[in-house]
């Protein structure tokens, strides 16, 4: 399916694209289920077994969104268990991760059907507590990855400058830092002009606190004491955190309701279905992409890292007889060369690919998986919880007259983004002061 469309892309890349597309389709389906039209169709197909009016007053669309995301989340948890300990595509269980897409789709649809047979009370508890908690974990994980990316980017540029003494890398580092600070300033000015007028106290507070925080992290980054314990700390990392947190704050104030006349974007575009649909799909695409990126980064979360592992074959004894076929002789010679260090482990991979023919996808995981399969699916499970939370925060206020729900346009979603920006600032400051407060934990 996806593998054939990818052509020469690696097997692991095709797999990640497929799972991201599945998350996207599942999210759109859950979003559609928030409409009265979809619920009425569901009630008709279920021969009136499904009732729209819940006894506790919860709209059934809220429950349907949680049911659909629960189904995909449960599928990912099952995969996480089945794939635990898989380290290369030579393991027979690796086929569960990279193949069997037909049965996977059937299992996903079957779980969706089964989820509608589970009593409503379970999903009221699941949506209000379990799903919300998992969504917060997903959000925090994304912030950790962002802070790590900021340090990785700056340290990579500094490493290139030290190794090559190239002016190009100096320009890249200084230019990107300056550009991100200018973008942060520009977004802050735009927010004050359009979203912080009159009695918009919430917006004024959010924008001002974010501005103060990114000024603080910039000062702390170049503090002499911080530089002494971490010479690679600097404005490059602070700039990336500043621009991301400023973007989060701007996204929060621009997606809040307009009941207090603090969001001119709502008045400009009204409630047109087209703009709502485009906004929802863009949001879901962003979640799918972010999830895929997060799920394939290690950060001490169980990833395999970048080390090359030899294939999981049995140890090879001395050759006491000549292999029958020339291909076996070639394979044996390559194994010997790799074990002696004369050739890299990739030589075994290249040899396997040459035997497979041109019609097979490039298997880049025969020596070692590119990411931890179990952790990949756990993060996707957390992502389904985040999508559920994003769709159902203040759900009653976001759907009227059977219209499509505006994804994320609630005060709850806005405050989640605002507080996330503050937490991100705090995480970055901790990475700067932790070596000072706990020097024994950071000794080389």
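Using N, Cα and C of the backbone, Cβ positions are placed for all residues, glycine too.
Since the structure is predicted, the reported quantities are computational estimates derived from the model, not experimental observations.
Residues annotated as transmembrane segment in TrEMBL: 17-39 (among others).
Long-range contacts of the transmembrane segment (68-86) within its own chain (CB-CB distance under 8 A, at least 6 residues past either end) are made by residues 22-23, 26-27, 29-30, 33, 93-94, 96-97, 104, 107-108, 111-112, 114-115, 123, 126, 131, 369, 373-378, 380-381, 384-385, 387-388. The transmembrane segment annotation in TrEMBL covers 68-86 (among others).
Residues or ranges marked as transmembrane segment in TrEMBL: 98-118 (among others).
Annotated transmembrane segment per TrEMBL: 130-150 (among others), in sequence order.
According to TrEMBL, the transmembrane segment annotation covers 171-194 (among others).
The feature transmembrane segment is assigned by TrEMBL to 206-226 (among others).
Positions annotated as transmembrane segment by TrEMBL: 273-291 (among others).
Look at TrEMBL and you will find 375-395 (among others) tagged as transmembrane segment.
The list of residues near the transmembrane segment (415-438) in space but at least 6 beyond its ends in sequence, with Cβ under 8 angstroms from a Cβ of it, reads 139-140, 143-144, 146-147, 150-151, 206, 209-210, 213-214, 216-217, 220-221, 223, 225-226, 229-230, 233, 237-238, 241, 244-246, 248-249, 251-252, 255, 393. Summarising the annotation, TrEMBL assigns transmembrane segment to 415-438 (among others).
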Selection from 171-194, 206-226, 375-395, the stretch that has most Cβ pairs under 8 A to the transmembrane segment (130-150): 375-395
